[in-house]
Every structure is written in C-alpha cells, then in structure tokens.
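These features come from TrEMBL:
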- F10, S11, G12, G13, Q14, D15, S16, T17, T18, C19, L20: ATP binding site (BINDING)
- C187, C196, C199, C202: Zn(2+) binding site (BINDING)
Amino acid sequence: MKQGKAVVVFSGGQDSTTCLFWAKERFEEVVAVTFDYGQRHRLEIECAKEITKELGISHHILDMSLLNQLAPNALTRGTIPVEDGEGGELPSTFVPGRNLLFLSFAGVLAKQIGAKHIVTGVCETDFSGYPDCRDIFIKSLNVTLNLSMDDTFVIETPLMWLNKAQTWELADQLGALEFVREKTLTCYNGIKADGCGECPACKLRKRGLDEYLNSKVES
Ligand SMILES: [Zn+2]
C-alpha cells in the first residue's frame, strides 16, 4: 500500500528519473523539485518539465543561480571544458556542497508541503570524488535536517549501492527502461536520450546500459 508524500530531487537525468518512478510506486503523492543553477544546458530544465508533465507529477523549479556565483565550473560556465577527474582529483563538474544545498532546500520544501520522504539519486558506488554523495553524509544530513526543523524526515537513496547497470535494471523493473532511455538527458553536450556518445557522461551511461542489456540476454 502506498503511503505518504515524497519530494524527489529531480534533474531530468537518468538517475533522478529512475528515482521518480521508484517514488511513484511507493508513495501516495510525489512532488518533484528541480534546481535551476544556470546549467550549461537549458535543455536539462526542459527535459525535467516534460517528464513531470507526462507523469502528472507536480513540479517545483527553484532558482539556485547563486551557486553559479560561488562555484565557477564546467557545468555552469561554457568556457570551462568538462574533464574526467584523474588520480583521485575531483572532476571539473564538481560544485562544492551542491547536494548539501539541494537536499537542505528540498527539506524546507518537504516541511512546507507536509512530506516526510526526500528522495535523491545520489550513489556511492560510482563515487567519483563527490563527498556529498556518500551514504555517511546523507545519514548525517538526515539527522541535521530533523534537528533543524524538529521533524522526522527520511532521506531515501534507492540508488546508493547500485552500479550503472543495476540502475538500468531498476528502471526496467519499474517498467520505465524505455522511458528513461528516451526522455532523459545525461550528456554534457546537451543531447537527449543516447546522447553524443563521446563525453564522459555518455560513455558511463552507455557502458551501464550495455552491461545490463547483455546480462539480460544471457540470463
Ligand atoms: Zn555526451
């Protein structure tokens, strides 16, 4: 039986769209929140709008442009190239404290609309050096949010221990594989669905999808 209300932190990408389907299956009411921080590709916001509209999910877009003031980086400044983090260094797409900020604002929204569950697609398995994707950070923030607002929120992280192939598997189990594949944007070059095929995000996405589809054929 579905219970309660959930806020999903939603970017319009593969991971958070899978989380949206996951939440739809579990909660009576699902609300999506997208943070507009001057993304390099405005298409991300458009994808997020289209997806929530198609799924009939109420959608809040919050202005987080101040993040662009604080953290010049490859996702928000067209002049900085996107590079993989090498040798343990953070990739150039890193915005320090981004999940801390996003989840805190999602918490405030959850409080206002009476939602107890906050869903985020963060993942420690493909941990690429983002400290605020780690499970221990999420648990710590969960305690802090509850103390800060004297509430009993639960931060849900359905993808925390999944690799990219398993995230595709989850989408498939939720009956959403084709939807996620066709409607989401992961590509750093702003091409929807299977993307440009060349950038690090596309390569990671394709590797996971191929791995999952191959394992499906074998089994
Ligand atoms: Zn790409």
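Note that Cβ sites are derived from N, Cα and C of the backbone, with glycine treated the same way.
TrEMBL annotations: computationally assigned, not manually curated.
What TrEMBL annotates, mapped onto the structure for a quick look.
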residue	record	CB count, 10 Å
F10	ATP binding site	29
G12	ATP binding site	26
Q14	ATP binding site	25
S16	ATP binding site	22
T18	ATP binding site	27
L20	ATP binding site	27
C187	Zn(2+) binding site	23
C196	Zn(2+) binding site	13
C199	Zn(2+) binding site	18
C202	Zn(2+) binding site	18
Using a 6 Å cut-off on Cβ distance, which of the binding-site residues F10, S16, T18, C187, C196, C202 come close to any atom of ligand 1? C187, C196, C202
Residues near the Zn(2+) site, C187, C196, C199, C202 excluded, by Cβ within 8 Å of the Cβ center? T186, Y188, N189, I191, G195, G197, E198, P200, A201, K203
Round to the nearest Å and give the CA-to-CA distance linking C202 (Zn(2+) binding site) with L20 (ATP binding site). 21
For the ATP site built from F10, S11, G12, G13, Q14, D15, S16, T17, T18, C19, L20, further residues of that chain with CB within 8 A of the site's CB center: V8, G121, V180, T184
Measuring Cα to Cα, how far is F10 (ATP binding site) from C187 (Zn(2+) binding site) in Å? 16
Rounded to a whole number of Å, the separation of the Cα atoms of G12 (ATP binding site) and C187 (Zn(2+) binding site) comes to 11
